[in-house]
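K.L.:
After the structure tokens below, expect a handful of questions from me.
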């Protein structure tokens, strides 16, 4: 359980959507992060994969602000302390807003995957996962923005999928977090994307899986990685 509480973009700090505080405030600060109604700090499971809640978390609404990022620039997402039992992949997507991200219809966003990390080492099941590397990096994850994509406004969809109960159908726990970015530069690629409600199904091999057995490999969920 957890959420992104701070974001560092090209060395500049931006506050996250503090779901443990902001829903209870009459006038919460405007941020680049999307708001959610997940005040339990919880997740979306397979029963929500074909609903809008999987896109940017439960009841998500666009952040009012947008942060500039240079092509090849870095976005560091700083989480609340992540439970070490919650092993799983960390996946990052971008979707063009085709306009202002603060007013975008999330159900129309088409995401392409820009980074993925899954099972690192399975010598001693459940093994070492991307989530463990996130914990080791002081509960943070850094994603690099591709240099090849066309400039414009994008939603970054950053996600941990916790697999500690994934041996049961709908046992995997998705924690998507979205932020608004304005990518600058001279790229020209407009990669094909996938609607958020089509990213996952609850029987995908990387979603319905027992991580407490020896795994020869792990198939990271979602569409193929964009490599530029």
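Quick reminder: no glycine exception, Cβ is built from N, Cα and C everywhere.
For reference, Swiss-Prot lists these features for the protein:
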BINDING   1, 86, 175  Cu(2+) binding site
BINDING   164, 173  O2 binding site
DISULFID  56-178  disulfide bond
DISULFID  97-101  disulfide bond
CARBOHYD  138  N-linked glycosylation site
MOD_RES   1  methylhistidine
K.L.:
Between the recorded positions 138, 173, where is the Cβ count within 10 Å the lowest?
P.N.:
138
K.L.:
Given a separation of at least six residues and a C-beta threshold under 8 Å, show me what packs close to residue 86 (Cu(2+) binding site) in the same chain.
P.N.:
1, 131, 160, 162, 164, 173
K.L.:
In three-state terms from DSSP, label residue 56 (disulfide bond) for me.
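P.N.:
The three-state answer is helix.
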K.L.:
Just the number: how many Å between the Cα atoms of residue 97 (disulfide bond) and residue 175 (Cu(2+) binding site)?
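P.N.:
Roughly 21 Å, rounded to the nearest whole number.
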K.L.:
Near residue 175 (Cu(2+) binding site), meaning Cα within 10 Å, which of 56, 101, 138 (recorded positions)?
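P.N.:
The recorded positions passing the 10 Å Cα test are 56.
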K.L.:
With DSSP assignments reduced to helix, strand and coil, which class does residue 86 (Cu(2+) binding site) get?
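P.N.:
For residue 86 (Cu(2+) binding site) - judged by DSSP and reduced to three states - the answer is coil.
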K.L.:
Under a three-state reading of DSSP, tell me whether residue 101 (disulfide bond) is helix, strand or coil.
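P.N.:
Note: residue 101 (disulfide bond) is helical by DSSP.
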K.L.:
Where among the disulfide-bonded residues 56, 97, 101, 178 do you find the Cβ with the fewest other Cβ atoms within 10 Å?
P.N.:
97
K.L.:
In the structure shown, with every protein chain counted, which of the binding-site residues 1, 164 has the densest set of Cβ atoms within 10 angstroms of its Cβ?
P.N.:
164
K.L.:
Using residue 138 (N-linked glycosylation site) as the reference point, find which of the disulfide-bonded residues 56, 101, 178 has the shortest Cα-to-Cα distance to it.
P.N.:
178
